[in-house]
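Colleague: This structure is in structure tokens; I'll ask about it shortly.
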Amino acid sequence: MLTPPVSPGTFIGSVLFAPISASLRPVFLCLSALVATTGASFADDASDLVARGRYLATAADCAACHTAPHGGTPFAGGYGIDTPLGKIFSTNITPSKEDGIGNYSEEDFARAVREGVAKDGSHLYPAMPYTAYAKITDDDMKALYAYFMNGVKPDDHKPQKTELPFPFSIRTSMAVWNLLFLDKTRFQPNSAKSAEWNRGAYLADALEHCSTCHTPRNAFMAEDASQPLAGGSVGSWYAPNITSDKVAGIGGWSDDELIRYLKTGNVAGKAQAAGPMAEAVENSLQHLSDDDLKAIVTYLRDVPAIASGDKPSRAELGKPSSVVEASLRGLPGQMADENGYHVFSGSCAACHQVEGQGNDHYPSLFHNTATGEDRPDNLVSTILYGLHRTVGDHVAFMPAFGPDASFTDRLSDKDIADVSNYVLANYGNPAVKVTPADVVRIRDGGEKPLIVKLAPLAAPAAIAITVIVLALIIWLLSRRRSRPALG
Ligand code: HEC
Ligand code: HEC
Ligand code: HEC
């Protein structure tokens with residue numbers, strides 16, 4: 001999930017907004033001719049439902065995954081999600097009867113969104129976050145369906161098909177996975193908590209699916225229910241611990257800082273949202289009402305604290321450090337991180353400034369969670385992929401330096417490791433060290449879960465077991481034959 005898809009701002013204008021569906025229109029006209037007032041309120045109800053569905057679709061960030069990058073038609077699919085299993089392409093969810101979900105009934109739609117089963121009965125991969133959407137209420141599902149059928153323009157377009165390697169190509173295996181890991185219970189309000197807390201819990205857990213990124217996963221790639229929001233890998237990126245822990249989580253952030261981060265993706269002297277979090281801010285969170293953002297923060301504050309390795313808090317590490325001071329630490333050729341220093345002054349200091357302190361436009365590299373975290377993933381990924389986040393009219397942009405960068409300033413794996421070490425040693429968490437192999441691992445989508453590491457063994461293992469069983473049968477048969485006849 002590296003290239004930011006179109007933001008809802010771009011598509012909302014282009015989406016056909018039908019106050020009532022075409023099929024209902026003649027009925028509506030008849031009714032309004034007879035009793036004008038009844039007709040009007042009927043239209044209002046229908047358009048209210050579609051409008052509500054649109055807001056819910058934004059909060060659930062359906063467009064982020066279902067829109068191809070670089071100006072793809074909204075919801076027409078074709079966005080390739082990099083997962084440890086391989087690339088999974090999203091489908092066309094416009095109401096196209098040919099290529100989309102135009103033939104889905106409300107029941108079919110609800111089953112796909114909440115249970116991960118398509119109309120034809122085939123199982124979806126959990127790259128579609130149905131594990132979170134399972135909690136969506138029936139009322140909201142109705143509104144979502146009304147929006148997709150009447151508020152989204154049909155688009156006849158077949159997105160690229162997903163072809164995962166064996167054994168993941170067998171979709172029915174997801175039925176077993178669902179049996180083990182899919183909790184189908186709808187959101188249950190907690191009567192001991194305030195209405196605001198419950199609204200926040202519903203937004204975070206069901207619609208915004210925060211846990212699909214921020215909760216660590218087990219060997220089978222299911223969320224580890226014992227560590228909600230304690231931090232998880234998202235391909236090349238790392239979604240940090242956002243439990244209420246004061247040091248490891250976001251317990252030390254003020255309400256205002258958290259709201260600002262969710263709304264804009266930038267809190268000076270603390271954190272900037274890049275990668276998948278930039279997409280969540282750009283496509284979804286910035287469009288939420290202030291009350292809804294406040295509700296999410298109220299809920300986050302109350303998520304049980306889970307301590308992890310960050311000591312002290314990742315937002316507070318580092319201090320300004322001058323390149324002059326650094327260069328005086330050794331004669332040329334003797335300074336341990338000399339290449340890192342050169343890459344830094346050549347590629348980074350123009351924006352982040354010579355002491356890493358940043359300015360009004362560019363963030364400081366100390367007191368920055370990407371450099372203070374106890375792992376280098378977000379620092380290395382930001383260097384590899386850059387940062388692009390549009391919020392309102394403001395575009396935050398940092399160029400990419402990795403091999404996919406379209407700019408001339410490409411850095412080698414060693415340069416990226418060296419500059420990361422320079423930044424970590426001078427501005428961030430000096431205990432973290434980066435090797436060129438780490439850069440390759442992160443570029444390759446991060447550490448693979450056990451299930452993926454074992455996958456290549458699936459076919460040979462099946463063959464090996466068959467061979468052993470065959471050999472046993474042959475051996476038994478031959479023993480029986482060679483046994484001397486009794487009597
Ligand atoms: C994180 C990415 C992501 C988000 C967010 C997401 N989807 Fe999906 N969705 C996918 C992927 C990927 C598939 C295809 C999965 C597969 O092929 O197994 C999919 C499949 C579907 C399908 C099945 C379509 C078909 O062709 O049968 C429906 C319906 C659907 N999504 C609706 C939604 C709705 C509605 C939302 C918002 C509430 C949403 N999705 C949000 C990734 C996403
Ligand atoms: C698609 C994956 C994804 C989703 C969904 C997501 N996040 Fe994130 N989040 C990330 C990643 C990755 C980062 C690190 C970004 C960076 O440092 O550039 C992050 C960073 C954050 C941070 C800043 C933490 C820090 O120390 O810098 C907060 C706070 C946060 N997310 C809250 C949330 C909340 C609340 C939700 C749900 C409303 C949410 N996120 C949904 C992936 C995600
Ligand atoms: C053209 C200006 C520019 C250059 C050059 C640049 N950056 Fe950035 N950098 C930015 C901007 C802009 C942001 C994000 C600001 C925001 O989010 O509002 C950023 C953010 C970051 C972050 C925080 C990312 C996160 O996920 O929290 C880190 C770390 C970083 N840059 C490191 C570097 C390093 C290391 C280099 C050199 C290899 C570099 N930058 C070069 C402009 C630049």
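Heads up, the Cβ atoms here are built off N, Cα and C, so glycines get one too.
Pasting the feature list from TrEMBL:
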DOMAIN    48-152  domain 'Cytochrome c'
BINDING   Cys62, Cys65, His66  heme c 1 binding site
DOMAIN    195-304  domain 'Cytochrome c'
BINDING   Cys210, Cys213, His214  heme c 2 binding site
DOMAIN    335-427  domain 'Cytochrome c'
BINDING   Cys348, Cys351, His352  heme c 3 binding site
TRANSMEM  457-477  transmembrane segment
Colleague: Between Cys62 (heme c 1 binding site) and Cys210 (heme c 2 binding site), find the distance joining the two CA atoms and give it rounded to the nearest Å.
Modeller: 14
Colleague: Tally of helix, strand and coil residues over the domain 'Cytochrome c' (48-152) according to DSSP?
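Modeller: Across the domain 'Cytochrome c' (48-152), the residues distribute as 44 helix, 12 strand, 49 coil.
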Colleague: Taking the centroid of the Cβ atoms of Cys210, Cys213, His214 as the heme c 2 site, which other residues of that chain lie with their Cβ within 8 Å of it, listed in sequence order?
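Modeller: Neighbours found: His209, Ser211, Thr212, Thr215, Leu229, Gly232, Ala239, Ile242.
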Colleague: Fewest other C-beta atoms within 10 angstroms of its own C-beta: which of the binding-site residues Cys62, Cys65, Cys210, Cys213, Cys351 fits that?
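Modeller: Cys351, out of the binding-site residues Cys62, Cys65, Cys210, Cys213, Cys351, has the fewest neighbouring Cβ atoms within 10 Å.
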Colleague: Below 8 Å Cβ to Cβ and six or more residues apart, same chain only. Which residues does that give for His66 (heme c 1 binding site)?
Modeller: Pro74, Phe75, Ala76, Gly77, Tyr79, Ser90, Thr91, Asn92, Ile93
Colleague: Cys213 (heme c 2 binding site): which of the binding-site residues Cys65, Cys348, Cys351, His352 is the nearest Cα neighbour?
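Modeller: Result: the closest of the binding-site residues to Cys213 (heme c 2 binding site) is Cys65.
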Colleague: If you count Cβ atoms within 10 Å of the Cβ of Cys348 (heme c 3 binding site), leaving out that atom itself, what do you get?
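Modeller: Around Cys348 (heme c 3 binding site), other Cβ atoms within 10 Å: 20.
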Colleague: Running a distance check here. Ligand 1 versus the binding-site residues Cys62, Cys65, Cys348, His352: which have CB less than 6 Å from one of its atoms?
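Modeller: Near ligand 1, sequence order: Cys62, Cys65.
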